[in-house]
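K.L.:
From TrEMBL, for reference:
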- 6-226: domain 'tRNA methyltransferase TRMD/TRM10-type' (DOMAIN)
- G114, I134, G135, D136, Y137, V138, L139: S-adenosyl-L-methionine binding site (BINDING)
- 219-243: region 'Disordered' (REGION)
- 219-230: compositional bias 'Basic and acidic residues' (COMPBIAS)
Amino acid sequence: MTFAAQILTLYPEMFPGPLGHSIAGRALAEGRWSLEAIQIRDFATDKHRSVDDTPAGGGAGMVLRADVLASAVDHALERSPNAPVIAMTPRGAPLTQGRVRQLADGPGVTILCGRFEGFDERLFEARPIEEISIGDYVLSGGETGALVMLDACVRLLPDVMGASSSGDEESFENGLLEYPHYTRPQIWEGRAIPEVLRSGDHARIRAWRDSQAAEITRLRRPDLWERHGGTPDQSPSGARRKR
Ligand code: SAH
């Protein structure tokens with residue numbers, strides 16, 4: 001079964017955009033996933049095809065209409081009844097690698113992209129919609145968020161990236177950030193690759209990478225480190241990664 005992505009947007013021409021290139025683009029061409037960008041405006045009913053209106057109670061900007069969005073969502077649900085419908089919004093649950101992995105294991109995803117001030121709240125009461133944020137900052141529209149989420153999903157699909165995405169070594173896969181990488185030249189601007197990586201001693205290399213991953217996570221992301229089971233004050237040198 002192919003992972004089917006549907007995007008509800010006022011800017012369907014933004015897709016596949018960057019996902020038409022490199023790994024995701026190759027996988028799309030090979031039919032490992034599919035993408036349908038659906039124009040929200042096609043579900044407008046008045047003669048001006050309006051999708052937004054002024055905010056009730058006053059204030060700046062425009063709000064996307066619940067009736068038009070619901071018709072677009074219903075259309076998407078008819079085509080892909082089992083795919084979760086996800087609205088891109090800064091107030092949503094922060095996107096995580098765990099959620100990405102669940103999505104990639106499923107039938108696909110329908111993504112609703114906001115614009116202007118966002119969505120009429122009643123949409124979320126009337127339809128089964130999950131709200132997701134890609135981070136604590138404000139974008140001008142949900143399309144770039146949708147691209148981010150899809151990119152993260154597509155690289156996990158079977159046979160898209162081969163071995164490199166299946167391991168648990170990458171950042172977030174085991175609750176830690178990744179250890180540092182090096183490649184040739186051996187010496188660059190007077191800096192040598194760490195000796196342990198040239199030792200050929202796989203157990204030592206494993207231990208070094210584990211301790212580096214722990215140390216980097218502890219220093220840069222105390223929140224992740226704590227969730228992982230470390231405490232911010234504890235020396236990570238003895239901390240072995242859960243395998
Ligand atoms: N008034 C809203 C921001 C609207 S930004 C607020 O203050 O919360 C316009 C659209 O961009 C949103 O509807 C949403 O679809 C998208 N967007 C903005 N920031 C986002 C983020 N961090 N994650 C996901 N989508 C975002």
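Just so you know, glycine gets a Cβ as well, placed from its N, Cα and C.
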K.L.:
Widest Cα span across the S-adenosyl-L-methionine binders G114, I134, G135, D136, Y137, V138, L139, in Å?
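P.N.:
Between the most distant Cα atoms of the S-adenosyl-L-methionine site, 16 Å.
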K.L.:
Of these binding-site residues, I134, V138, L139, which scores lowest on Cβ atoms within 10 Å?
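P.N.:
Selected from the binding-site residues I134, V138, L139 on minimum Cβ neighbours within 10 Å: V138.
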K.L.:
What count of other C-beta atoms do you get within 10 angstroms of the C-beta of D136 (S-adenosyl-L-methionine binding site), across all chains shown?
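P.N.:
Around the Cβ of D136 (S-adenosyl-L-methionine binding site), 7 other Cβ atoms lie within 10 Å.
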K.L.:
10 Å Cβ neighbour count around G135 (S-adenosyl-L-methionine binding site)?
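P.N.:
G135 (S-adenosyl-L-methionine binding site): 11 neighbouring Cβ atoms within 10 Å.
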K.L.:
If you skip the near sequence neighbours and keep only those at least six away, which residues in the chain come within under 8 angstroms of G114 (S-adenosyl-L-methionine binding site), Cβ to Cβ?
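P.N.:
Listed in sequence order: L64, A87, M88, T89, G141, G142.
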K.L.:
Filter the candidate list D136, V138, L139 of binding-site residues, keeping only entries whose CB is under 6 Å from an atom of ligand 1.
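P.N.:
Those binding-site residues that pass the cut-off, since their Cβ is under 6 Å from ligand 1, are V138, L139.
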K.L.:
Please classify the secondary structure at G114 (S-adenosyl-L-methionine binding site) using three-state DSSP.
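P.N.:
Note: G114 (S-adenosyl-L-methionine binding site) is coil by DSSP, not helix or strand.
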K.L.:
According to DSSP, which kind of secondary structure is L139 (S-adenosyl-L-methionine binding site) found in, if we only use helix, strand and coil?
P.N.:
coil
K.L.:
Quick one: average pLDDT across the domain 'tRNA methyltransferase TRMD/TRM10-type' (6-226), no decimals.
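P.N.:
Value for the domain 'tRNA methyltransferase TRMD/TRM10-type' (6-226), mean pLDDT as a whole number: 97.
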